[in-house]
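Sharing a structure below in structure tokens format, with a few things to ask.
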Ligand code: NAD
């Protein structure tokens with residue numbers, strides 16, 4: 001990594017691409033722009049390394065625990081670099097690094113999943129789970145380290161090797177992560193490749209890859225699935241979301257407002273399972289709008305490296321343009337900004353935290369994934385209407401229901417068509433639970449044992465027991 005140039009505005013060298021600081025909009029470093037043809041040797045190396053790595057579960061456990069320790073030891077450097085290229089406040093970067101290490105530790109010892117299978121006949125049949133081979137992990141720019149570990153930890157623990165491709169917007173912290181953990185892992189077990197398209201496309205369709213685990217947008221997920229179909233590699237797709245928060249008529253607005261705001265605006269709203277729409281009973285609508293708008297107006301927006309900043313910039317110019325476009329379109333269609341509604345007049349990709357009201361129900365800011373600091377608050381008359389609207393998009397990642405009577409709220413949560421439904425909070429996951437979207441939010445399961453089995457194949461030994 002060209003660390004010697006960090007902090008200046010280097011001329012990008014041939015074979016490298018620039019990395020932009022979203023707080024300034026200026027390049028501050030560069031990363032290798034790997035040619036897609038390089039993937040043949042990278043995948044070959046991953047295949048060669050696989051034979052040793054798959055053979056020794058105890059060595060894998062020790063290596064992953066050492067990798068977790070190494071990540072923690074490098075925490076300050078990783079967090080600072082993550083904030084510099086991604087934009088999020090430093091405290092959020094530290095939390096992401098902690099979660100990265102926790103995930104490596106969580107999966108380090110998967111135990112022996114060998115199981116006898118009995119069906120009453122005089123045979124002994126035994127299920128032994130086997131790794132798949134080289135896995136391609138392709139991740140987006142919103143949680144580069146956390147999502148890298150969410151993919152790599154279960155894949156590696158299962159005995160696979162991994163070729164990890166970060167987003168070209170956030171290659172640097174991932175490269176540092178790889179250099180930190182590589183001391184603990186044998187050569188070729190984890191390789192990071194950075195570069196611009198068609199690097200990801202070629203990786204997803206590489207014939208030597210046995211599983212493509214992808215996180216990103218639904219259109220790219222479809223392209224990944226088409227590419228992987230060429231070699232019939234397994235695909236796991238964690239895609240976008242448009243999570244609704246449904247507030248019930250007994251909700252204590254002041255009590256939940258901080259939590260609700262955080263669930264929508266953390267990481268500047270660039271969270272797949274952020275609250276992206278709020279449905280409030282008509283009677284409480286203006287109270288909810290004002291509680292959220294107050295928080296939006298008073299949240300400190302600034303560079304992530306400034307400890308005072310509660311919200312950083314958006315990660316990149318294209319995302320800023322998308323958020324600005326969706327907001328302008330809603331305002332043109334008759335919506336009103338109770339807070340924000342515009343980009344900030346300063347360098348970098350800053351957008352004012354925005355609460356929208358009077359939004360037409362079919363407005364793209366409601367039906368699409370805005371992935372930014374803009375939250376529409378929609379009134380409803382009947383609960384059935386609210387549930388129908390919450391379920392009425394092409395996404396199905398998560399959703400939440402908020403109310404003082406938690407049992408009643410949980411009953412309503414059971415009606416949400418999504419992978420995870422929260423009650424009185426949102427976007428909280430334990431490492432042990434499955435995470436799976438439906439509809440355009442994805443295919444396959446991450447998290448807990450399900451995440452592990454997504455990286456294993458069943459192998460059965462079926463033996464006749466002589467009478
Ligand atoms: P994206 O789909 O544009 O890119 C994701 C990754 O795919 C990047 O590494 C990119 O370089 C690579 N890529 C681009 N074209 C490719 C191709 N044709 N083949 C293979 N790889 C290709 O997504 P993004 O803008 O980086 O991230 C934002 C999206 O990610 C949002 O939709 C968000 O909801 C989603 N996301 C989902 C989850 C989840 O767990 N469900 C988590 C985080 C983010």
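Even glycines carry a Cβ here, placed using N, Cα and C.
What TrEMBL says about a protein is an automatic prediction, not a curated fact.
In case it helps, TrEMBL gives these features for our protein:
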ACT_SITE  238  active site
COMPBIAS  1-12  compositional bias 'Basic and acidic residues'
COMPBIAS  31-40  compositional bias 'Basic and acidic residues'
DOMAIN    14-452  domain 'Aldehyde dehydrogenase'
REGION    1-40  region 'Disordered'
Taking every residue in the domain 'Aldehyde dehydrogenase' (14-452), what is their average pLDDT?
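Its mean pLDDT is 97.
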Starting from the Cβ of the residue listed as 'active site', draw a 10 Å sphere and report how many other Cβ atoms land inside it.
29
Under the DSSP assignment, what numbers of helix, strand and coil residues are found in the compositional bias 'Basic and acidic residues' (31-40)?
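The composition, in the requested order, is 5 helix, 2 strand, 3 coil.
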